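Student: Quick one: the structure is below, and I'll ask about it shortly.
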Amino acid sequence: MGILFTRMFSSVFGNKEARILVLGLDNAGKTTILYRLQMGEVVSTIPTIGFNVETVQYNNIKFQVWDLGGQTSIRPYWRCYFPNTQAVIYVVDSSDTDRIGVAKEEFHAILEEEELKGAVVLIFANKQDLPGALDDAAVTEALELHKIKSRQWAIFKTCAVKGEGLFEGLDWLSNTLKSGSG
C-alpha cells in the first residue's frame, strides 16, 4: 500500500525515478562526476572495481545513478546492469586522444545492446580543463554521433573537478525524461 501511495503521490506532483548508468573508459572521470552531482563537491577517488551507486535528486527526478568501472576487464560485465535503464551518461576523457577510438568502439557497442534500445544518451566530453582536450564538436566527430538516428542524445563539454557543464547536462536529461522521450 505504501508503494502504491508513493507512486500516486509522485505522479500527481511530477516526481519521477530514473535508473541511469554512467559508463566510459577507465580514468574518464565517471566517479568524480557521480559524487560532484550527488554531494556538490570533488572527492578523492580510486579506480572503480565493480560499481558505485548513489541517488541524486534533481529537478523533481530521483536519479538512481550507477557508476560502473571502466577498466578493460570490467567492461564485459556492464551488460549485467542494462535492464530497466532509462538513460546512459557516457563519459569521455576529452584529453585522452590516444584512446578516443576505443571510447568510440565501446560507445557504439553499448548503443547496439537490445536492453538499452529505449535509453536516452547524454555524453559528457570531460576534462575540458586539460591541455589538448577535444571540444564537443571534435568529440562528436570522433564518436561518430551523427550516426545515432534511433534515440535522443546530447553532448556537453564538462570539467568534473570544477563542476562545469554537469548540471546543464542533467537539465537536458531531466527534461528529456520528463517529456516521456526516455
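All positions are counted from 1 along the displayed chain.
Glycine residues also receive a Cβ, built from the backbone N, Cα and C atoms like all the rest.
Positions annotated as N-myristoyl glycine by Swiss-Prot: Gly2. Under the heading GTP binding site, Swiss-Prot lists 24-31, 67-71, 126-129, citing similarity to another entry as support.
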Student: What does DSSP say about Lys30 (GTP binding site): helix, strand or coil?
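Tutor: DSSP assigns Lys30 (GTP binding site) to helix.
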Student: Return the residues near Gly24 (GTP binding site), defined as same-chain residues 6+ apart in sequence whose C-beta is under 8 angstroms from its C-beta, sorted by sequence, else 'none'.
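Tutor: Residues satisfying the criterion: Lys30, Gly70, Tyr90, Val91, Val92, Asp93, Ala103, Glu106.
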Student: Could you tally the C-beta atoms, other than its own, that fall within 10 angstroms of the C-beta of Asn27 (GTP binding site)?
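Tutor: Its Cβ has 16 other Cβ atoms within 10 Å.
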